[in-house]
Amino acid sequence: MSEEQTSKGGWLSRLRAGLKKTSSRIGDGLVGIFTKRKLDAETLEELEELLIQADLGPATAAKVTAGLAKGRYGQDLGLDEIKALLADEIAKILEPVAQPLNFAPAASGPRVVVMVGVNGTGKTTTLGKLSSAAVAQRRRVLLAAGDTFRAAAVEQLEVWGQRAGVPVLKRETGADAAGLAFDAVERGRRDGMDLVFIDTAGRLHNKAGLMAELQKIVRVIGKVDPEAPHEIVLALDATTGQNAINQVETFKSMVPLTGLVLTKLDGTAKGGVLVALADRFGLPVHAVGVGEGIDDLKPFEARAFARALVGLET
Ligand SMILES: Nc1nc2c(ncn2[C@@H]2O[C@H](COP(=O)(O)OP(=O)(O)OP(=O)(O)O)[C@@H](O)[C@H]2O)c(=O)[nH]1
C-alpha cells in the first residue's frame with residue numbers, strides 16, 4: 001500500500017470513528033424501522049423522523065426520504081441496500097459543495113482567507129491545520145492573529161504557526177484587528193506569500209460590534225488588494241447541531257461568506273447537520289475536522305462522508 005493510501009485509509013477510519021455516534025444513531029434506527037418491513041408510507045415516515053433526529057433538518061430529511069422512495073415503493077429491501085441508497089441520496093446533496101480550499105495564490109496576489117465564526121468553534125485550530133496542509137503542498141503561508149482581544153488566542157495561533165512552520169503576524173492585545181489585517185496582506189504581497197490566513201475574534205461585546213469589526217477588516221483588506229479577501233470562511237462546530245444553521249444566517253448577514261469548515265465531527269451525534277447545511281446554503285464545504293491534531297482536518301469528500309454517516313464500511 002502506498003503512503004497516500006495508508007494515510008487515506010487512516011483518515012477514513014478516523015472519519016468513521018468520529019462519525020460513529022451519528023452513524024450508530026442512524027444505523028440502529030434503520031434496524032428498528034426496516035427489519036422485516038416493506039418500504040411503505042409508515043416506514044418512510046419513520047425514516048424521515050429518524051433523519052430529522054440525526055440533524056438533517058425537516059426539509060432535507062423529506063428530500064432524502066423522497067429520493068430514496070422514488071420507484072421503490074412497496075419493495076422489500078435489505079438493511080444494507082437501504083443504507084447504500086440512503087448514502088447515495090445524501091452524497092447527491094453533498095457532492096456539489098465538496099470543494100477543497102484553493103491554496104493557489106490569486107491573480108491579484110496572495111490568496112487572502114479570513115476565518116470567521118463564533119468563539120470556540122475551532123477557527124484558530126483550523127487555520128493551524130490548513131497552514132500545515134498548505135505547507136505540505138509547498139505553499140508559502142502567513143498567519144495573522146486577528147483575534148487581538150485575547151492574548152491566549154494570539155499565543156495559540158503562534159503555537160500553531162510553529163507547528164506548521166509558518167510566520168505569525170501579531171500585535172499587542174487590544175490592537176486594531178483591521179490594521180493588523182491590512183499589514184498582513186501588505187506583508188504577504190511584499191514577501192511573495194501564496195496565502196495569507198487571517199484569524200478573527202468570535203465574540204465582541206455584541207453582534208453589532210462584531211459585525212462592524214468584520215466589515216472593517218474586509219473593507220481595509222480591499223484597500224491593499226481590491227480583489228481581497230478572496231475567501232471568507234465560516235468555522236462551525238458540529239456539536240451545536242441545528243444551531244449551526246443560525247450561525248450561517250447570522251454571519252451571512254454580516255459578510256459575504258464563500259465557504260464553510262465543520263469542526264469537531266469526532267464524537268458528536270450531530271454530524272448530519274452537514275447535510276442540512278449543504279442542502280440549505282450550497283456553500284462550499286472546504287474541510288471537516290475530526291480531532292485536535294495537526295492532521296485531523298481533511299478536504300471534505302462527499303461519498304466517503306455520506307457512507308460513513310450511515311455506518312457503511314467503505
Ligand atoms: N475534538 C475536536 N476538537 C477540536 C476540533 N477543532 C478544534 N477543536 C478544539 O476546540 C477548541 C476551540 O478551538 P479554537 O481553535 O481555539 O477555537 P476558536 O474558534 O479559535 O476560538 P477562540 O479563539 O476562542 O475564538 C480547542 O480546544 C480545539 O482543540 C476538532 O475537529 N475536533
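Backbone N, Cα and C atoms are what each Cβ position is placed from, and that goes for glycine too.
For K123 (GTP binding site), the number of other Cβ atoms no farther than 10 Å from its own Cβ, over all displayed protein chains, is 28. In three-state terms derived from DSSP, K123 (GTP binding site) belongs to a helical segment. Taken from TrEMBL, the feature GTP binding site covers 117-124, 199-203, 263-266.
Taken from TrEMBL, the feature domain 'Signal recognition particle SRP54 helical bundle' covers 15-94.
The annotation domain 'AAA+ ATPase' is assigned in TrEMBL to 109-249. In the predicted structure, the domain 'AAA+ ATPase' (109-249) carries a mean pLDDT of 93.
TrEMBL lists 110-311 with the feature domain 'SRP54-type proteins GTP-binding'.
Remark: of the binding-site residues G117, G120, the most isolated position is G120 (fewest other Cβ atoms within 10 Å of its Cβ). Other Cβ atoms within 10 Å of the Cβ of R203 (GTP binding site) number 14 in total over all chains. In the domain 'AAA+ ATPase' (109-249), helix, strand and coil residues by DSSP number 70 helix, 24 strand, 47 coil. DSSP gives L265 (GTP binding site) a coil state; it is part of no helix or strand.
Same-chain residues at least 6 positions away in sequence with a Cβ under 8 Å from that of T200 (GTP binding site) are, in sequence order, V114, M115, V116, K123, G146, D147, A177, E213, L214, I217.
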